[in-house]
Amino acid sequence: MCDQFVGTWKFLSSENFEDYMKELGVGFATRKMAGVAKPNVTISINGDVITIKTESTFKNTEVSFRLGEEFDETTADDRKTKNVITLDNGILNQVQKWDGKETVIKRKVMDGNLVVECTMNTVTSKRVYERA
């Protein structure tokens, strides 16, 4: 199912993350702090519950969910969001909605790395993590 995602992932690189955060409406100071953070991501599965834990010097977050079921998440920048994550062709697709807005976060394993693509409107950011 999602076994290829399980493990701890160490931040490797980031493209266009500040522009993506700006598109989300994240304030200047928070963008600057988040932009220099190098988070580790740990993904685990217990039965049919998937947990994604993100830890950095900026903020720690943790979310647990079942594929296809809506869940609430308070993001690292304090947005209160409604989310659904599905698995499509080996890609974890997360649709995140709040205040009439929507962003899509796609997680996939490519060449042994975790690649996270975040898109809102026409702005896309790509963050890459390697196995720790």
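Residue 1 is the first one shown; counting continues down the chain.
Including glycine, each Cβ sits where the backbone N, Cα and C put it.
Swiss-Prot lists ARG107, ARG127 with the feature (9Z,12Z)-octadecadienoate binding site. Taking Cβ-Cβ distances under 8 Å and a sequence gap of 6 or more within the same chain, the neighbours of ARG127 ((9Z,12Z)-octadecadienoate binding site) are PHE11, SER13, SER14, GLU15, PHE17, VAL115, VAL116, CYS118.
Within the motif 'Nuclear localization signal' (22-32), the DSSP-based counts of helix, strand and coil residues read 8 helix, 0 strand, 3 coil. Sequence annotations record features per position, and here Swiss-Prot assigns motif 'Nuclear localization signal' to 22-32.
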Surrounding residues of the motif 'Nuclear localization signal' (22-32) on its own chain - C-beta under 8 Å, 6+ positions past either end: 77, 79, 101, 103, 120-121, 123
Cβ packing number for ARG107 ((9Z,12Z)-octadecadienoate binding site), 10 Å threshold: 24
